[in-house]
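Working notes, structure below.
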Amino acid sequence: MCDKDIKKLALAHLWVAFGAFGVASLLGFYQVVERSGLIPALKSPALYYGSVSTHGVLMAFVLTTFFIMGFGYHTAANNGAGFNRCAAWAGFWVAAVGTLLAALPLLTGNASVLFTFYPPMQAHPLFYIGATLLVVGSWVWCVLMVMAAGAWKQANPGAAMPLPLFATTGNAILWLWSSVGVALEVVFQLIPWSLGLVDTIDVGLARTLFSWTLHPIVYFWLIPAYIALYSFVPLAAGGKLFSEELARAAFVLIVVFGLPIGFHHLYMDPMQASGWKLAHGVGTYVVAIPTLITAFTVIASLEMAGRARGGQGLFGWIGALPWNQPMVLAAGLSLLMLLLGGFGGLVNASYAMNAMVHNTAWVPGHFHLIFAGTVVTLYFAVAYRLWPSLTGKAFRKPCLVLGQLWSWFGGMAILTTPWHILGLLGQPRRISSVEYDSPLVQSWGAYEAIMIAGGLVLLLSALLFVYNLASAHWQGEASGEDTVAYAEPLHPPGKIPALLNGYAVWNWVILLLMAASFGYPIAQFFLMKTFDSSPWGY
Amino acid sequence: MHINPLEKKWLFASLALVAVFLGSIFYTAFERNIHPPSHVETVDSAKLHLGGEFAEDKLGVVGQADGSVRVTLVAGRYGFYPRQMSVPAGRPVTFRIASMDVLHGVHVPMTNMGTMVVPGYVAQVTTVFPKPGEYPMLCNEYCGMGHDHMWSRITVVAADQWQPTATTKGSN
Ligand SMILES: [Cu+2]
């Protein structure tokens with residue numbers, strides 16, 4: 001199924017993703033050191049904000065998009081779904097050229113607008129154009145995935161679509177829907193304005209459109225991680241997937257309810273009324289349900305595997321699991337971080353409680369646990385899982401693979417604990433150094449020093465990850481592994497209701513939900529008298 | 001479809017958990033009237049200095065006839081104007097803030113006084129400071145290279161010692 005060409009396609013995407021990850025990790029370490037103020041020579045807001053912008057764009061847009069595309073092509077091909085390979089390569093090059101174009105202004109300090117674009121601070125037009133091309137490349141992937149799933153269904157009438165293919169298709173649909181918000185903002189507001197075609201910009205509208213994309217994008221990143229939890233982890237633990245129907249339901253819930261909830265990023269913004277914020281807040285809690293289902297199903301699958309291996313008693317199965325399997329270890333560590341990060345997320349999502357932690361260091365502490373902790377750990381595990389078949393080479397030292405996963409977890413723990421505490425102590429998130437002359441800020445220093453240790457461990461772990469992949473790819477011995485297997489469900493799916501075997505109806509549900517949750521909040525900017533920000537550069 | 005009885009129990013537990021969270025949010029929102037700052041009101045950021053509520057001579061702290069206090073601020077790179085404010089403890093204080101340039105955010109650490117300050121919109125937030133003391137009022141949204149330096153000082157004094165420092169309307 002997965003021939004040489006597909007492997008090459010997947011490898012090209014994954015190397016761009018992990019190359020970007022390596023560079024971004026260096027910048028991350030620089031930021032914790034600079035921010036601590038311990039080395040005065042490093043102090044530079046210009047470098048710091050340029051670095052934060054580049055780190056954010058590389059991690060959140062480049063690592064994720066390329067990883068998801070590469071993994072998606074591989075998943076489709078391995079599950080018997082074909083697609084046009086020339087189009088896939090075209091999408092790759094569009095996205096890669098876009099990344100390079102955006103990198104030029106980022107690295108020269110002409111796009112220090114952070115990864116959320118932050119109008120009315122203006123970046124060089126190349127930054128917006130490059131980011132757009134990256135998204136256009138990802139749309140090619142989305143269309144190919146949706147078409148591949150359609151072709152699969154035609155070739156296998158009435159059969160249940162393989163779970164990994166079903167989930168990948170769902171992610172493509174989710175991303176098509178969710179990227180429309182930022183696309184509207186960039187194409188109709190940011191690009192004309194940065195090119196000087198219009199003088200000013202409605203920041204309220206821009207922020208509302210961005211919020212449309214800003215939350216579902218997290219699920220776009222998370223779905224491949226969930227695919228690993230459902231499809232690889234039970235098998236690596238020596239067991240089966242506890243429930244495949246519920247897994248499908250979880251993916252459908254994420255795709256449908258992940259979309260209309262972006263206003264929880266605007267809780268503190270003045271331009272949306274509280275009723276809309278509350279409605280989006282309710283949706284935010286509803287979308288916690290698929291994550292609770294996922295945690296349950298994955299843990300149940302692990303328990304079955306542990307008991308099959310002889311584990312006994314209430315917790316004995318945990319010790320019986322093969323923790324020397326990178327996929328099992330990654331699952332355990334990432335579920336732990338998901339639990340802690342999820343708690344922080346519940347605080348953020350709380351309609352009124354959010355005011356205490358909004359824009360404080362608590363927020364990056366939270367999302368580093370969820371994204372860099374949970375999601376990226378599972379990306380590592382997927383790379384380790386696919387590498388022997390993609391490259392045909394085995395890892396030379398399995399202990400370095402396990403050590404890398406453990407060190408990433410340890411580094412995250414050291415980094416994010418003080419980050420959360422600093423948030424509760426009121427430290428704002430996006431500052432390059434502490435300049436406030438207030439007794440309160442004296443309590444911040446020690447935590448920032450601890451964060452440097454966390455950042456250092458994470459940097460070493462990131463470099464070790466890239467080293468592991470590179471040394472296997474170019475110096476490893478033949479692995480003899482050609483295909484990748486997916487976990488079998490405990491009960492074969494048999495007859496699956498159409499609602500859990502495709503997204504045709506769900507697209508209409510999403511359309512209705514989006515119209516209800518974003519229709520008036522966007523229309524209001526055209527109905528009431530609004531004023532743009534002052535022209536940039538005056 | 002095959003749903004294990006254990007799965008069913010877990011689904012009910014998950015739904016109950018979410019219901020508890022939403023119930024507490026609804027309770028505080030509808031019974032206690034606690035909402036995030038959501039004041040949909042537009043303002044022309046480019047003309048703040050030309051007159052009206054956010055003109056230079058109107059900024060500052062004003063005691064209101066009903067005992068509450070109003071603070072009018074302009075946020076601009078890199079400061080909140082005025083730079084020093086004094087408000088009474090234990091009385092409702094309403095902040096009205098407009099940005100004259102880019103996006104800013106305001107937060108008084110360890111309190112729930114905070115809101116985004118979006119150019120083109122008036123940000124309004126009402127809070128009560130329970131304890132007297134000196135607090136930094138920080139900009140918590142990246143607004144340019146001088147963002148680290150964007151902060152003002154807010155002094156909370158016991159209500160009986162408080163004197164309005166700026167122009168007052170009607171209360172004195
Ligand atoms: Cu500011």
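Glycine is treated like the rest: Cβ placed from N, Cα and C.
Per TrEMBL, the features are as follows:
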- A:1-538: domain 'Cytochrome oxidase subunit I profile' (DOMAIN)
- A:12-32: transmembrane segment (TRANSMEM)
- A:52-74: transmembrane segment (TRANSMEM)
- A:86-107: transmembrane segment (TRANSMEM)
- A:173-198: transmembrane segment (TRANSMEM)
- A:218-237: transmembrane segment (TRANSMEM)
- A:249-267: transmembrane segment (TRANSMEM)
- A:287-306: transmembrane segment (TRANSMEM)
- A:327-347: transmembrane segment (TRANSMEM)
- A:367-387: transmembrane segment (TRANSMEM)
- A:399-425: transmembrane segment (TRANSMEM)
- A:445-467: transmembrane segment (TRANSMEM)
- A:505-527: transmembrane segment (TRANSMEM)
Segment confidence, the domain 'Cytochrome oxidase subunit I profile' (A:1-538), expressed as mean pLDDT: 93
Selected stretch (most C-beta pairs under 8 A with the transmembrane segment (A:249-267)) from A:12-32, A:218-237, A:367-387, A:399-425, A:445-467: A:218-237
Distant-in-sequence neighbours of the transmembrane segment (A:12-32), which means Cβ under 8 A and at least six residues beyond its ends: 42, 47-48, 51-52, 54-55, 58-59, 62-67, 69-71, 73, 92, 96, 99, 376, 379, 383, 386, 390, 415, 448, 451-452, 454-456, 458-459, 462-463, 465-466, 469
Other parts of the chain folded back onto the transmembrane segment (A:287-306), taken as Cβ under 8 Å at six or more residues beyond its ends: 219, 226, 229-230, 233-234, 237-243, 246-247, 249-251, 253-254, 257-258, 261, 316-321, 328, 331, 335, 338-339, 342, 346, 487, 490
Remote residues contacting the transmembrane segment (A:327-347) - C-beta distance under 8 A, at least 6 residues beyond either end: 225, 228-229, 232-233, 236-237, 288, 291, 295, 298-299, 302, 321, 353-354, 357, 362, 365-367, 369-370, 373-375, 377-378, 380-381, 384-385, 402, 405-406, 408-409, 412, 420
Distant-in-sequence neighbours of the transmembrane segment (A:86-107), which means Cβ under 8 A and at least six residues beyond its ends: 9, 12-13, 16, 20, 50, 53-54, 57, 62, 65-66, 69, 73, 123-124, 126-127, 129-141, 144
